[in-house]
Every structure is written in structure tokens, then in C-alpha cells.
Amino acid sequence: MTTADQLAAHGLDLRYGDRLVVGGLDLTLPGGAVTAIVGPNACGKSTLLRGLSRLLAPAAGRVTLDGADIHRMSARALALRMGLLPQQPVTPEAITVEALVRLGRYPHQRLLSPWSAADQRAVDEALERTGTAGLRDHPVDQLSGGQRQRAWIALALAQDTELLLLDEPTTFLDLRHQLDVLDLVAALHAEAGRTVVMVLHDLGQAARYADHMVVLKDGRLAATGAPADVLDADLVKSVFDVDCRVIPDPETGTPLVIPKAGAVRHSAVSA
Amino acid sequence: MTPTTSTTSMPPATTAAVASRRTASRARRRHRRRVLVLAGACLVALFALLTVSLTTGEMPMSAPTALRALLGLGDAGDVLVVQQFRAPRAVAAVVAGAGLGAAGCVLQRLFRNPLASPDVMGMTGGASLGAVALLAAGASQTLVPVGALAGGLVAALLLGAFAWRSGLAVTRLVLTGLAVQAGLAAAVNLMIVRFPTELAGSALQWTTGSVYGRTWTQVWGAGAAMVVALAATLALHRGLAVLDLGDDSAGALGLRTSRARLRLLFLAVVLASLAAALAGPVTFVALAVPHIVRFLTGPPTVASPVLAALTGAVLLLASDLVVQHLLPVEGLPVGAVTATLGAPWLLVLMFRQSAPARREHV
């Protein structure tokens, strides 16, 4: 972990209209690490990600990147340092994989400047890394869910930023493709030294793939730290209202949440 | 994946990369070929149509004679007819057609709506009213583009005030636009009846759309402004492609989405208003041209606004020649032809819009 690419929230309030979604959040996300943001539905995970990436202006407080307020930076300057994959990105009609990924070079291009060799190199690398090079001429809207998600990650990679924010990158994917995406994220961090911040649903996956964990409840910080330090039965009970046991993952030793068997299932078995 | 002896020495990743790059260039080359074919066809058609428009009429002449007359050589009568009547009319049709095509292209992409176009959304009507109001007030012809621009912007603001709050729902936008357009057209008619002397002779231009009787003064002013507007459209086009990704992705790529949208909308209004300053409220061209370009070259790319401008120019110039020479009725305005084509086209698009099968965004 390094001190560069360090994203932080200071007394952050995020609102949609009158509704306070995230309130009074103080948070530091370590640079050079993979951070997972977890929490129950509607706890403000995605909202926090939008706030951290300038898509949502804070109602109060600040978001800083290495100490500089991101709302005082130019949109382009920030886009050169931080990429974001929304939860449900809009795929333009009939666009090919390569045309989509090329749009990731937008912040690098100047008015009237032509497509450069560096741009093409970044696009080729992003396609190779995500395993979508063979699909470059395919229309994105005809790909499977897993392929489409990789194409979108390729766009974010072509943007070539040190920081990558992913909003539920595994939602709507089957287990195989979930693991593909998470392994890709792990490789990006391990090989390219990227800082990744992602919203995840699955606590076990979050514990496995993240160095750092942020647990939200009702728009407030419930816990933060290394998964092994943070994730225990009390936390899961208080945040998710689920009785569980937390055991070491037999594969990795990271915490694994095993919900206790519910009453309904007992009665179904005994009946 | 059948390596020959020459490629087996290469690492497999490189082979795959080279192969995929080769297929990429093939696909892009195919698209580029289609774009070039359409652009070339448009240029040839423009040249042919311009020749026809300079040579035919009540005083038919050969192409070389017409060309010499255009340069001020030869018979004085020929020079007058070509330089003062035929050439400005043809150039006006080309410039207005180009502006309408590009405006329709930008608007349909911006609103993600195949029905969006300046004549459906009231901008053309606003521009005509602005021009007529200025002429009625006794202003000179050189100020017509200014009046048109002001009118077009007011119409866009009106449409925005009525339709923006509904989140720009497709049907609401079109219905509001058509209502605004109808109201503005009525206002134009009122002005023409009210100020018969000031607007004498130009009634057909401002009610139906016509390029009859354009002068070089009008053509140069609007034409120069149009070139600037087209260049700006091309420069901002990259933002249009990024906007297609939705606001969150576009914002994450460093595009200020609201500002980019307003700029593009403003440009579309400028293009449509300048076209209206030259040709009045011509319908159909802006609505149909993006569909034609799409049908011939596939999904929109950076080349689309250029192709739309070329196709629009061909379409309007051809329509004007049909009006002048092929129809048995004398003195019909070009807007009558485009409106005749446009009404059924709009109906077809509306039916297709309301069909239940819609593409899904994921």
C-alpha cells in the first residue's frame, strides 16, 4: 500500500433531493490497494461511489484525492486519474467492442487531435488484458453478460487511470464469470499496481479479493479495516440482521460468513 | 489458430494480437469503404445536379456555356441568368440542405430519438418567424440570418419549457414540438397577412420553404456562418459519442454532460436556423437524412455529420430541380415537395416508434 492515489471523504453528506443517503462520512481508502464497499441494499454504497467520483456533488463535506478536492479539479484532470464502471452502463446501439473501448481514450484526446499510436496501444492492451481482443468486431449488445462486462472493464482500462471504481461488477453474472471479473481485478492490482474500489454484494468474495473493507449501514460507516479484522458475527448481525458464524475460508483463510439455519427451513425438514 | 511454420516461433499472445488487429482493420476498412462510397456518390451527384441547375430553365444552354457565364464570360444575357438567378438559388439549396442534414443528425443522436429534427421540434418554425418579424419591421435582407437564429433559439427554449420537465419522453417531445411548430407557422401566416408590402413576394418562402429568388448577399452571409457551424459540429462530435454511454460513464470520462448537451443543442439550432434563413421552413430533409445515412453506412460514427450534410445538400438540390423542371405545376416551392415526402415518412416512423419491441439497454 502506498500513500499515492488515496481517496478520502471528509464529513461527506450525499443527498438525492431532500433525502440524505450518506451522512457525515469520514473515510480514507488506501492507495495501491483493493477496497470493497459492502452493506445491505439501499445503504448508500452506489451513492458513495458516485460521490467519490464526482458524479454526485456533496451536500456537505469534501472528497479528496491525495489531499486535493476533486470538485476543484477539472473534469478531465480527474478522468485522467480515476475511471468508473457504473452498475448498469448504457450500451450504445450496435456499437462494436473496439469502438466502445476506444471511447475510454476520450480524456486523453484533445480537440482536433487525431487518434494516436499511444491511444491504439492502450486500446489493444485493454482488449488483451480482458480477453476481449477476439471479440473486437462484435456488437456489444449481442455479447453474453460476462463478455459484455469484460468489454466495459476494457473501456475503463483503456482510460488508463491509477484508480478504478467498479459498482457491483459481478451483479447479473453467473459464478464462473463473477470469478473471472474478480480475478481480473486482482491481476490488475497485482500486475499493474492499480488502486481498485468496488461495491460488492457477496461478503465472502469481498473478504477474499479486498485488502480493505468498508461496511456501510444506513449511509453511515459501520466498520472499516482489513477483512479479517472487520468481519465477525456481531458485525453481520448488526449490519445485515443475520445470525451467522464466521469461519476461516478453507481455501484462503479469509473470513467466510455462514448464516445460521433459519426457522422456516427447520420446520420444512421436520414436517 | 492454425500456426504455420513461420509463425510458430512467435509467442502465442503476439500471434493472437496480430491476428485480431488484422481483423479489426478489415472491419474498419469495410466501414470506411462504405463511407467513402457514399461521400463520393454525393459529390458526384452534387456536381451533376449543379450542372443541371445551371444549364436548364427557360433559357437552356450547354454546360460549357453555363460555366463560362458563371465566370462572367460570354453572352450578357447568359451571364445574368446564371450568375444572378440560377447559381445563388442552387447554392442556397446546397447550403440549406447541408445544414438541415447535419442538424437532424445531431438532434437524433442527442435525444436518442429517430423522430427528433428541427422541423418536427419547432426550431424551423421559430427561425422563419424570427426572419419574417425582422423583415416586417423593415430590416434589410442581410439581417435575416440573425432574426432566424433568434427565432430558432426562442423556439428551442419554448420546447424546453414545455417538454423538458417530463424528462424528454419521446412522444411528449414530438407532440409538443409539433404543437410549437404549428403555432409558429400560424404566427408566420399572420405576419404575412398583416404586413403585405414588406413581405411581398416572399410569402411562399416563409410559409412552405423555397429557395426561389435568393441573392448572393443572402447566400454568402448564411453560407459562411454555416461553414463555421459545420466545423464546430465536427469538433464537438466526439462528445456526442461519449454522451451515448449515459451520464455516469460520460461524466467518469471527463465530459461535462449538461454543458456538452447544451452546446450540441445550440449548434443544431444554429444549423437549422441558418438553413431556414435561406430556404424557410423546409420539412422532411432533416428528419430523413440521418435515417438514409444510417441505412447506407450503419451505426453513427464521426463521419455521420459530414455524410448527413452531403446527403442533405443532394436531397434539397434534387427536390428543387424536381420542383423547377419535372412537375407540371409552375412556381411550386421546394418545401411543397419535401412536405409531400415528409408526411408519410413521419407517419411510418411514428408507427415504428410505438411498436412494442424496443431495444434494451443493459
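For all residues, glycine too, the Cβ spot is worked out from N, Cα and C.
What TrEMBL records for this protein:
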COMPBIAS  B:1-22  compositional bias 'Low complexity'
REGION    B:1-27  region 'Disordered'
TRANSMEM  B:35-54  transmembrane segment
TRANSMEM  B:90-108  transmembrane segment
TRANSMEM  B:120-137  transmembrane segment
TRANSMEM  B:143-164  transmembrane segment
TRANSMEM  B:173-195  transmembrane segment
TRANSMEM  B:215-236  transmembrane segment
TRANSMEM  B:264-289  transmembrane segment
TRANSMEM  B:301-319  transmembrane segment
TRANSMEM  B:331-351  transmembrane segment
Seg_contact(the transmembrane segment (B:120-137), the transmembrane segment (B:215-236)) with at least 3 CB pairs under 8 angstroms, min sep 6: no
Stretch among B:35-54, B:143-164, B:215-236, B:264-289, B:331-351 sharing the most Cβ pairs under 8 Å with the transmembrane segment (B:90-108): B:264-289
Long-range neighbours of the transmembrane segment (B:264-289), counting only residues six or more past its ends (CB under 8 A): 92-93, 95-107, 110, 115, 117-120, 123-128, 130-131, 144-145, 147-149, 151-153, 156, 185, 188, 204-211, 214, 218-219, 222-223, 225-226, 229-230, 232-233, 236, 239-240, 243, 308, 311-312, 315-316, 319, 333-335, 338-339, 341-342, 345-346, 349
The transmembrane segment (B:35-54) and the transmembrane segment (B:301-319) contact flag, 3+ Cβ pairs under 8 angstroms: yes
Among the ranges B:143-164, B:215-236, B:301-319, the one whose Cβ pairs under 8 Å to the transmembrane segment (B:331-351) are most numerous: B:301-319
Intrachain residues whose Cβ lies under 8 Å of the transmembrane segment (B:301-319), provided they are six or more past its termini: 31, 35, 38-39, 42-43, 45-46, 49-50, 53, 90, 93-102, 104-106, 109, 211, 230, 233-234, 237-238, 241, 279, 282, 285-286, 288-290, 292-294, 334, 337-338, 341
